[in-house]
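Record features, source TrEMBL:
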- 1-21: signal peptide (SIGNAL)
- 37-78: domain 'SRCR' (DOMAIN)
- C47-C57: disulfide bond (DISULFID)
- 107-217: domain 'SRCR' (DOMAIN)
- C183-C193: disulfide bond (DISULFID)
- 241-340: domain 'SRCR' (DOMAIN)
- C310-C320: disulfide bond (DISULFID)
- 350-459: domain 'SRCR' (DOMAIN)
- C426-C436: disulfide bond (DISULFID)
Amino acid sequence: MRVRACVHACLLLCVYEIIEDSPTSSELRAFGAFPPTGHIWLDNVHCTGREASLADCLSNGFGVSDCRHTEDVGVVCTQKRIPGFHFISTSSNDVETLDVRVEDVRIRATFSQRKRIPITEGFVEVKDAGKWRQICDEWWSPMNSRIVCGMHGFPGEKGFNTRSYRLLSARRKKNYWGFSVNCTGNEAHLSTCRMGKHRLMGNSTCARGMPVVVSCVPGRLFAPSQSLGFRKAYRPEQPLVRLRGGGNLGEGRVEVLKGGVWGTVCDDNWDLRAATVVCRELGFGTAKEALTGARLGQGMGPVHMNEVECSGFEKSLTECYFNRDALGCSHEEDAAVRCNVPAMSLRSRLRLSGGRNPYEGRVEVLVERNGSMVWGTVCSENWGMIEAMVVCRQLGLGFASHAFQETWYWPGDVSADSVVMSGVRCSGTEMSLAQCLHHGKHLSCPKGGGRFAAGVSCSDGAPDLVLNAELVEHTTYLEDRPMYMLQCAHEENCLASSAAMADTSSYRRLLRFSSQIHNNGRADFRPKAGQHAWIWHECHRRHYHSMEVFTHYDLLSLNGTRVAEGHKASFCLEDTECDEGIPKRYACANFGQQGITVGCWDTYRHDIDCQWIDVTDVKPGDYIFQVVINPNYEVAESDYTNNIMRCQCRYDGYRIWTYNCHTGGSRSSDVNEFPGIMTNQLQRR
């Protein structure tokens with residue numbers, strides 16, 4: 001976008017005219033447009049937003065100001081145009097710029113390819129006044145095809161057999177759209193391209209051409225494989241960019257890899273063009289939204305990129321211009337994206353039935369039985385949060401908030417009571433429940449369906465617990481504690497099994513440390529059980545356990561064998577501290593509500609019971625110290641990979657050193673070091 005400044009001697013006002021003439025038309029930059037000299041004409045400007053000109057806004061009056069040029073203002077415009085906006089075009093092409101509303105666009109496959117999923121090739125049709133119309137290809141360009149493919153969830157376009165489509169179109173009745181399209185190739189949607197009236201050629205609207213056809217290249221996640229169909233649990237090579245914290249396919253917080261460490265992107269200047277580069281890089285189409293303000297949760301670790309500017313044609317976000325200095329950026333400004341993804345028809349084979357709202361209900365799947373398609377239920381045996389997550393994602397309902405093994409209170413469709421799927425076990429990355437492991441045709445469900453069918457409830461947001469690895473590293477130490485002072489801890493299984501035979505006068509060697517657990521998600525972390533189900537413990541301080549197992553503490557050999565372990569029941573989940581401006585909501589005092597608010601953290605000090613690993617029986621050597629939060633997936637989270645933390649440690653029989661502590665998924669090496677990082681799943685116990 002070019003900014004032209006005209007100073008009129010009478011108006012004494014800078015007038016900016018937006019001229020659409022370059023690929024960088026998504027932004028208006030007035031910063032530094034003029035040298036910091038001359039008069040300052042306006043001060044204390046107050047606009048309602050309905051004025052046609054800045055001169056119509058209230059102000060001190062022209063020339064009345066006490067400002068300095070260090071206070072000069074600038075603007076950055078979004079890509080969204082207000083209704084009635086008309087482009088001013090100075091380009092010498094054959095496309096006249098018009099304000100045309102594009103209702104909808106589709107790729108209509110030929111009859112022989114309509115059963116293919118996703119549809120990657122076909123005629124381009126535009127919905128106009130409720131009717132689908134073709135576009136004449138006389139003025140069509142590869143850049144137009146790039147945009148059509150992008151808005152349908154595909155990262156690129158390719159060639160196709162023109163002759164077969166020309167023969168096919170000759171036999172069809174055509175109804176052409178009355179406009180031509182001219183895209184630069186970096187737009188997010190066809191509606192943002194320039195439009196022009198199509199010139200009539202005799203009695204035909206497309207005398208020398210035919211209807212536009214596009215052929216798109218699907219991303220690797222959606223590309224069919226002859227042996228496996230769609231890749232069930234896509235395991236990519238080590239990427240440079242990834243998405244985290246999104247509830248649906250193709251959305252999440254943007255993270256980039258630098259120096260082997262994952263970090264976030266600051267949202268300064270973050271726009272659709274940069275977001276589209278991310279989406280295409282990851283095998284999706286163009287971006288639907290460029291999200292700012294940590295809309296999809298806050299990350300941890302460094303902020304690697306700031307003030308990103310992309311042309312839209314980069315192969316990777318790392319090729320865009322950016323400011324390496326992220327000074328002043330916090331994780332409250334983490335950038336995120338929502339990408340266009342191909343239509344996979346995933347929702348047509350799954351539904352929720354009987355719930356109070358569309359976000360909950362009994363899970364019912366559509367399967368083939370005896371040559372016909374029938375709806376049925378899913379066996380609830382071993383049904384858990386990971387499986388529920390896949391269901392909610394498949395239906396486009398975000399995250400799972402609960403996984404139910406009894407659904408008698410949801411009166412589903414009686415004709416769908418029969419169990420048609422059993423033994424379901426998901427890794428967490430599947431696009432549909434059918435891609436999870438299950439029994440196939442040989443069902444096994446002792447409880448049967450009906451009231452014991454699987455169910456879910458879904459939510460737009462989910463918590464995300466992350467352990468402060470640095471605090472763990474700085475607070476580890478050894479303590480020898482007499483057995484007679486550990487009776488309550490022994491009752492709660494916080495000691496090694498050898499403690500059962502230990503004399504009360506003996507000592508146990510404890511590896512102590514502090515833990516600080518942050519909620520960086522978009523919903524509060526609440527215990528699975530309600531207050532009525534909390535368990536009262538008489539021991540030390542008399543308290544309720546809201547989650548019997550909240551964390552696992554393990555000491556592992558270098559080959560991963562467990563040599564010592566501990567666990568921490570959540571006898572108190574509360575907001576110890578919060579970020580500035582966020583009030584504490586949960587406190588344990590007086591049988592209060594337990595939980596961790598978004599933007600707050602719960603601190604377990606090193607000197608409280610069970611905040612340790614009993615290493616009495618451990619021999620000197622090198623080990624791995626591991627902490628896992630929410631290990632049984634009792635509570636849904638947006639990202640389970642960062643629930644695990646590992647440190648390297650050395651024990652000489654008297655002292656212990658811990659170093660190199662980091663959370664799962666924070667480094668490139670975690671793919672091999674942490675099991676389950678690529679599948680968003682930890683090891684089940």
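Even glycines carry a Cβ here, placed using N, Cα and C.
Predicted automatically and left uncurated, TrEMBL annotations should be read as such.
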Open item on the list: Using other CB atoms within 10 angstroms as the count, which residue among the disulfide-bonded residues C47, C310 scores least?
Closed with: C47
Open item on the list: I'd like to know the mean pLDDT over the domain 'SRCR' (241-340).
Closed with: 92
- [ ] Measuring CB to CB from C57 (disulfide bond), give everything in the same chain under 8 Å that is also at least six residues away in sequence.
- [x] V45, H46, C47, T48, E51
- [ ] State the Cα to Cα distance, in Å, between C183 (disulfide bond) and C426 (disulfide bond), rounded to an integer.
- [x] 42
Task: Alpha-carbon distance [C193 (disulfide bond); C320 (disulfide bond)] in Å - done: 22
TODO: Using C-alpha positions only, work out which of the disulfide-bonded residues C310, C426, C436 is nearest to C193 (disulfide bond).
DONE: C310
Open item on the list: DSSP on the domain 'SRCR' (37-78): how many residues come out helix, how many strand, how many coil?
Closed with: 6 helix, 2 strand, 34 coil
Open item on the list: Just to verify a number: CA distance, C436 (disulfide bond) to C310 (disulfide bond), in angstrom, no decimals.
Closed with: 38
TODO: Using C-alpha atoms only, work out the spacing between C310 (disulfide bond) and C426 (disulfide bond) and round it to an integer in Å.
DONE: 37
Open item on the list: Let me check the 10 A CB neighbour count of C320 (disulfide bond). How many other CB atoms are there?
Closed with: 17
